[in-house]
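A short worksheet on the structure shown next.
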Amino acid sequence: MNDFQTVYGAAPEGAWAAPGRVNLIGEHTDYNDGFVLPIALPHHVRAEARRRDDGVLRLWSAQGDGEVVELRLDGLAPGAVAGWAKYPAAVVWTLRQAGHRVGGADLWFDSDVPTGAGLSSSAALECAVGVAYNDLYGLGLTAPELALLAQKAENDFVGVPCGVMDQMASMCCAEGSALLLDTRDLGQRQVPIDLAGAGLRLLVIDTRVKHDLADGAYAELRAGCERAAELLGLPALRDLPADGLDAALGRLPAELRPLVRHVVTEDGRVQQAIRLLDAGDLAGIGPILTAGHASLRDDYRVSCPETDLAADTAVAAGALGARMTGGGFGGSVIALVAAELLDTVAGAVAAAFADAGYAAPRAFAATPAAGARRL
Ligand code: GAF
């Protein structure tokens, strides 16, 4: 493979890493000011970088087509960059828009975060650039500040109206813990997740499908939630208490009710999971995961036949709980499994996919890894 020196003819000034994530519970709550509980994956984007002083940004990826993408900083604008290069370009553009005095760079990437699998490969790419630029240009930004900047890059430059979960997970997760994040004020707590100590494994099943409606549907769902909050006179759906849910639903048009029910009950599931985890009952969160999947399938309607089959089959084969993770319309499913049942559950899902005529899923056991860092 071409290393930095081969691609750019000089040595890099440093190397940085930013991970992908899976979310344990708290889905589609982050743009409703609610709660999320992601872990960082061991899979990460590696970025190597060297500053340039000629106003040029050069980008090369081991997952790209072998060509260096060369961009002028003063030509960066939303819509001006296509393909994978728009994510790193977005971060540099956003830093400059925010008034940071940053110049160009030669950036080299290699990633083992599966793309299109709902595991936040693009947030990892953005965060890798964020930490690299922060160090190279001595910006002194904190991890949450870099996460907000990467989210802004995705919203304003890439054009995806995502919440802040994926970038916060990539920047702020700690090894061995899940990140309990209040997306309203970015208050955070590391919650220990000792899978091995509990005799458990977290199986990640990448269904290898991504349905086309994902992008437009995400924006519509977000708009629906914001409309519901407005009709209820609330700053965000996070402000609707669970015991006020039924009354509130009666005041909403029928099409918004399931969205609100999902968001309010999902925030409740995060709190339930936290109570169990704080009591040392990791296995106890299994049914909460399964209930979360049902809510995403029946109320939020972001699951799909492949994620439903993976989650249902995992539970039928003995998983303590299973759910789709991430935005939905394909992507990955997580299953909490007794260590001795890992192969049985993975095998059952593979067999069910073969029976259904779906492409073979890819499965791996994940442990909570560290957030973005200099290597
Ligand atoms: C995607 C988004 F990028 C996140 O912000 C979050 O909304 C998630 O879908 C759903 O929980 O990953």
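Note: Cβ is positioned from N, Cα and C throughout, glycine not excepted.
Predicted automatically and left uncurated, TrEMBL annotations should be read as such.
TrEMBL lists 3-50 with the feature domain 'Galactokinase N-terminal'. The annotation substrate binding site is assigned in TrEMBL to Glu27, His28, Thr29, Asp30, Tyr218. Annotation source TrEMBL lists ATP binding site at Ser61, Gly116, Ala117, Gly118, Leu119, Ser120, Ser121, Ser122. TrEMBL lists 89-172 with the feature domain 'GHMP kinase N-terminal'. The Mg(2+) binding site annotation in TrEMBL covers Ser122, Glu154. Annotated active site, proton acceptor per TrEMBL: Asp166, in sequence order. Residues annotated as domain 'GHMP kinase C-terminal' in TrEMBL: 274-353.
Structural mapping of features recorded in TrEMBL.
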residue : record                       : Cβ neighbours (10 Å)
Glu27   : substrate binding site       : 28
Thr29   : substrate binding site       : 28
Ser61   : ATP binding site             : 22
Gly116  : ATP binding site             : 14
Gly118  : ATP binding site             : 27
Leu119  : ATP binding site             : 26
Ser120  : ATP binding site             : 31
Ser121  : ATP binding site             : 24
Ser122  : ATP binding site             : 26
Asp166  : active site, proton acceptor : 30
Quick test of your reading of the structure: among the binding-site residues Asp30, Ala117, Gly118, Leu119, Ser122, whose CB sits under 6 A from ligand 1?
Asp30
Distant-in-sequence Cβ neighbours of Glu154 (Mg(2+) binding site), under 8 Å, six or more positions away:
Tyr87, Ala90, Ser122, Ala123, Glu126, Val160, Cys162, Gln167
Asp166 (active site, proton acceptor) and Gly118 (ATP binding site), Cα-Cα, nearest whole angstrom:
10
Spatial neighbour of Leu119 (ATP binding site) that is closest, considering only the binding-site residues Glu27, Thr29, Tyr218 and their CA atoms:
Glu27
Looking at the recorded positions His28, Asp166, Tyr218, which ones sit with their CA no more than 10 Å from the CA of Ser120 (ATP binding site)?
Asp166
For the C-alpha pair, I'd like the distance in angstrom between Thr29 (substrate binding site) and Asp166 (active site, proton acceptor), rounded off.
12
Quick check: of the recorded positions listed here (Ser61, Gly116, Ala117, Ser121, Asp166), which one has the Cα closest to that of Asp30 (substrate binding site)?
Asp166
With DSSP helix as H/G/I and strand as E/B, how many residues of the domain 'GHMP kinase N-terminal' (89-172) fall in helix, strand and coil?
49 helix, 8 strand, 27 coil
Can you tell me how far the Cα of Ser61 (ATP binding site) sits from the Cα of Asp166 (active site, proton acceptor), in Å?
21
So what's the average pLDDT for the domain 'Galactokinase N-terminal' (3-50)?
98
According to DSSP, how is the domain 'GHMP kinase C-terminal' (274-353) divided among helix, strand and coil residues?
48 helix, 14 strand, 18 coil
Could you name the residues, excluding Glu27, His28, Thr29, Asp30, Tyr218, of the same chain that surround the substrate site, i.e. Cβ within 8 Å of the Cβ centre of those residues, in sequence order?
Gly26, Tyr31, Asn32, Gly34, Val36, Gly163, Met165, Val263, Glu266, Gly327
